[in-house]
């Protein structure tokens, strides 16, 4: 005979199963929006690569019969005189003549393969735009503008969602590191806590006092307690009118609690998974705003992140050293994209697409913390100046 399970195990199994069923919708609700955004971005990049490869990759039959190109080549032959001896004057004329070279004359169909077009699409919706690859046809230019019009907001949506994940990871990692080393909370001076989180008790005095008086009852307003400085009659009339207007507004408006309950908990109709997805969509971008990490820590993360890519990139881009690779990665992640460094093998760099997205978000977090710190410094300076002006005798 088989051994029967103890009653405690029977009771624990349904409880554990219930907890697992409850956690699965929440986990899916957190991961599903980000995965959907990322899948949409990948699909958008693939569709754009196919379109640009078809539009810009077509051979131009009129390129060989272009009169401007023929005249350019004839003048070039006249300058060179079809020999290898070039005098100083002819060299100067040659440099001036080459400045009239148009990029569409050098266009080749193999330059717009599917992978090259995919690399171009990544530079468009990421707003990097290196500059060495761009459309030259009229249809390609209009298609590029339309593609960027929808691709850039989609890219920012993906960055915002990934930013919440990175903010959560960085915040928890720093908290555990701080607890492991038993560090005090104010060990770093450059923290962004006063600006990232608004204190609930930081309301102005002129807003807090009328709110307290209005919340009082009518009897308390009509029969106030005796005090040393009795309020003026005009102040009492104004406060009484505010109280009456507020009571009328509360009577005219229907109770909103049932409506808020039905709107905030659509799981009664849509299910727990749908409710979790909707609630997570409403909270997109909130984790970055609540992030509280010292600036030296995030600066160290940025330096380590760029250094890793700068050490790996020269393995296939042999012409780049560590310094040039570090400069290229920084220009890419900050979306500056000068275009002064051109990758010989951009197809391999496509594997760094996730690296670029994550790196752009890390730099955005660093810039956000720096912005908060500068704003805090500016506010402190303004408060100091205002206090000096108040203390000065007039």
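Glycine is treated like the rest: Cβ placed from N, Cα and C.
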Which residue among 90, 234, 264 does Swiss-Prot mark as phosphoserine?
264
Of the ranges 249-254, 255-260, 261-266, 267-272, which one does Swiss-Prot flag as region 'Interaction with YWHAH'?
261-266
Candidate ranges 204-209, 210-215, 216-221, 222-227; Swiss-Prot annotation region 'Interaction with calcineurin' resolves to 210-215
Determine which residues of the chain contact the transmembrane segment (347-367) at the Cβ level, with the cut-off under 8 Å and only residues 6 or more beyond its ends counted.
115-116, 118-119, 122, 126, 128, 158-159, 162-163, 166-167, 170, 288, 291, 295, 298-299, 301-302, 305-306, 309, 313, 316, 329, 332-335
